[in-house]
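So that you can see what the record holds, here are the features copied from TrEMBL:
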| type | residues | note |
| --- | --- | --- |
| DOMAIN | A:21-115 | domain 'Fumarylacetoacetase N-terminal' |
| DOMAIN | A:122-395 | domain 'Fumarylacetoacetase-like C-terminal' |
| BINDING | A:D123, A:E195, A:E197, A:D229 | Ca(2+) binding site |
| BINDING | A:Y125, A:R139, A:Q236, A:Y240, A:T346 | substrate binding site |
| ACT_SITE | A:H130 | active site, proton acceptor |
| BINDING | A:D229, A:K249, A:T253 | Mg(2+) binding site |
2 protein chains.
Amino acid sequence: MTLIKSWVTSANDADHPFPLNNLPYGVFSIGDDEPRCGVAIGDMILDMPAAQDAGLLGFGDAFDVPYWNDLMDMGPVAWTTLRARLTDLLAEGSKDQTTATPFLVPQSVATLHMPLAVSEYTDFYAGMQHAKNMGAILRGSPDLPANWLHIPVGYNGRASSVVVSGTDIHRPNGQMKAPDADMPSFGPTKRLDIELELGAIVGTGCDMGTPITVDQADEMIFGYVLLNDWSARDIQGWEYQPLGPFQGKAFGTTISPWIVTAEALSPFRAPTPVREKQLLPYLNSTKDGLYDIELEVLMQPAGAETATSLSKTNYNRMYYSASEQLCHHAVGGCGMSSGDLLGSGTISGPTPDEYGSLMEKSWAGREPFKLDTGETRSFIEDGDTLTLRGAARGDGYTIAFGDCTTTILPAHKFPV
Amino acid sequence: MTLIKSWVTSANDADHPFPLNNLPYGVFSIGDDEPRCGVAIGDMILDMPAAQDAGLLGFGDAFDVPYWNDLMDMGPVAWTTLRARLTDLLAEGSKDQTTATPFLVPQSVATLHMPLAVSEYTDFYAGMQHAKNMGAILRGSPDLPANWLHIPVGYNGRASSVVVSGTDIHRPNGQMKAPDADMPSFGPTKRLDIELELGAIVGTGCDMGTPITVDQADEMIFGYVLLNDWSARDIQGWEYQPLGPFQGKAFGTTISPWIVTAEALSPFRAPTPVREKQLLPYLNSTKDGLYDIELEVLMQPAGAETATSLSKTNYNRMYYSASEQLCHHAVGGCGMSSGDLLGSGTISGPTPDEYGSLMEKSWAGREPFKLDTGETRSFIEDGDTLTLRGAARGDGYTIAFGDCTTTILPAHKFPV
């Protein structure tokens, strides 16, 4: 596939994140107006309820709400129909250019909001290098857990803590215990970390008690966002046995503001790696489930003029795909809902410049790393701004996600 | 407190589950009518939207929806006001008896539905005997995990799998591995189990980033239900390291149909036990957080005329209260929502006749137990019906929950 040219000319730059090939879905507001659905095209946003009201879309009331769940719930045929309609509308030579022009607003004046109402949030652990690194750091051995090559290991997280890029997060308080201490203590985490992930958004659900195949799961996935699964390593380390992460992961999960659809990403599908052990048949699929998406982590301390690139890797490094994860999630009869969010698990490549968490990058603080400012870091300091970036590179065009950015504020005093 | 007499005379029996002192909140339907909010009184249900429309309640549109979340979201003052109004309305000598009588429908003709829309579901592990038993069975030692005496250990579950009593559940398929097998296999669980729990319902939420105290958490809890946290022990055993239970717990969680309010239970408050290690100050509270609620588990095989009582215990056996759990849940900044459901953790007393799971009762199948029919069980067979019961006993009255009952159906064939 090559660039599809738009009459919104800013969209035709080969490096622009939002060409006509992308058409990501977000929610925006201008000034004090109510948030509403919008589609990014070049430097502009198409105001979806306004375009719908003008008769340009033909999509009923799916855009009367400030989230994309109603469209998601309409299913894959509707998704394809809308995308085709938007492509026609915004393509060079469109007969509707004059009518549509008033419904474009500059991204520079818009505030972005959560693009979906998250029903439930599940986080996985599907990166092999990350699993080996965490084993080596936490349990003294890079050997994978016994189930890891058979199960897309996951755990349930908190939907109430998922926020959009640009939302500041306070350093969390919590309970932790130093290895040499007799008693635990309570206070701000000293090991605040990121996890570089891709979030898959379930578009259509499945009923409780109706298992699905991987291919069915693939068709249920509406799109993807960048996802930063904030982690407090000291809180997590003390709490996680025997029932898994809880408060060490509950204070925030940040997603990028634009949902990049599975359809936009389809030219970039990539296979999962050769299996070290054959998967059980229920995890078989006929499609490549990963995507070739370049990813980057950046850190900018308070007062610094530029951010330091900490890591560059690719989503095609993962061992399990989102459709395999979704199938495994539902296979025992767990109902899945439109708006469910699945975190891929931390994406780390084989070398430290590809690690997707600071825990790995600083090897649990034993090997602090340098920023471009000359400062060193093992974990995140108050005032640091962390950014995730992601883009698939096509022939003369780019499908990017928009930055996933968060500034960390000091911990609340407790009791408040 | 003693019995408050009602003009609904069936409510005045000392053993009746739903006297005027109780007034539990549910959702019911008659025939093909839409489900609506109702309050149990004796053998009857007060139709709340009908009573509201007749001007008997003065509560706006809180009952225009088929769940109690709108009332819950109005907060503790509204909860107390409604309860006082209902008590007046249904008490012996009420001036409104004639007006209200047409709005009573017999429970015997009603179908009960989920009383709330569950926002998110969290399950805890707060019973010491259960934690010791599971350690002994699974890890060869009854020693508690290092954090257990300091943290109300919990993990996030699936809200989409929470169903009301009376909903059949299929035996789940899943991945498991026998200890002596080289490879895992996929199929129906062979170790299907219950967990006897009490579910606390969060009535008013708290914003992300705003920690709460235990006393504040106590005021946020609207009421309680019985909760059966269905567990597939072989699936759980294979999957749970290192990130905790996932598909072994995701196929169903059953709650009793009536929300018994914290206010109705207040005469039965009971202290948490003497702490073996002092809790960190953020977990301090000024109120007794447990309740004296007698609990029972019953099993009835297909075709049997009566159920066998497997276990009798009490919620006052727990180590952590729901308000301590809720405080711990929110203390790092995790936002909590109206409609969040918190499972207490399995409630087991010190002897096998008080154990709240079959895993404990049959000691992982090593000690099968007998039913009154003469059959033996280690875990649940297809066709078995499991019931949880709970009641607080007052002076001449009972505050009961209504049965929490489920029949287990055979596993689905996969792929479906």
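Cβ coordinates come from backbone N, Cα and C, glycine included.
Heads up, TrEMBL stuff is auto-annotated, nobody curated it.
Everything TrEMBL records as a feature, shown here on the structure.
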residue : record                       : Cβ neighbours (10 Å)
A:D123  : Ca(2+) binding site          : 30
A:Y125  : substrate binding site       : 25
A:H130  : active site, proton acceptor : 26
A:R139  : substrate binding site       : 11
A:E195  : Ca(2+) binding site          : 27
A:E197  : Ca(2+) binding site          : 31
A:Q236  : substrate binding site       : 22
A:Y240  : substrate binding site       : 23
A:K249  : Mg(2+) binding site          : 29
A:T253  : Mg(2+) binding site          : 27
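Across the structure, A:Y240 (substrate binding site) and A:K249 (Mg(2+) binding site) are spaced 10 Å apart at their Cα atoms.
Considering only the recorded positions A:D123, A:H130, A:K249, A:R139 (substrate binding site) has A:H130 as its nearest partner by CA-CA distance. Taking 8 Å as the upper bound (exclusive) on CB-CB distance to chain B, the recorded positions A:H130, A:E197, A:Y240, A:K249, A:T346 give A:Y240 in sequence order. Comparing the Cα of A:D229 (Ca(2+) binding site) with the Cα of every entry in A:Q236, A:K249, A:T253, A:T346, these being the binding-site residues, the smallest distance points to A:T253. Here the domain 'Fumarylacetoacetase N-terminal' (A:21-115) returns a mean pLDDT of 97 for the predicted model. Under DSSP, A:D229 (Ca(2+) binding site) is assigned to a strand (E or B) in the three-state scheme.
Taking all protein chains in view, 29 other C-beta atoms sit within 10 angstroms of the C-beta of A:T346 (substrate binding site). Checking Cα-Cα distances from A:T346 (substrate binding site) against the recorded positions (A:H130, A:E195, A:E197, A:K249) with a 10 Å cut-off leaves A:H130, A:E195, A:E197, in sequence order.
Within 8 Å of the centroid of the Cβ atoms of A:D123, A:E195, A:E197, A:D229, where the record puts Ca(2+), the same chain has further Cβ atoms from A:L196, A:L227, A:N228, A:S231, A:K249, A:T253, A:G343, A:S344, A:G345, A:T346. In the three-state DSSP reading, A:Y125 (substrate binding site) counts as coil.
The binding-site residues listed here (A:E195, A:E197, A:K249, A:T253) include A:K249 as those with a Cα within 10 A of the Cα of A:Q236 (substrate binding site). Broken down by DSSP into helix, strand and coil, the domain 'Fumarylacetoacetase N-terminal' (A:21-115) contains 36 helix, 24 strand, 35 coil.
Taking the Cα atom of each, A:E197 (Ca(2+) binding site) and A:K249 (Mg(2+) binding site) are about 14 angstrom apart.
Annotation note: A:T253 (Mg(2+) binding site) sits in a strand segment as assigned by DSSP. Cα of A:H130 (active site, proton acceptor) to Cα of A:T253 (Mg(2+) binding site): a span of 18 Å.
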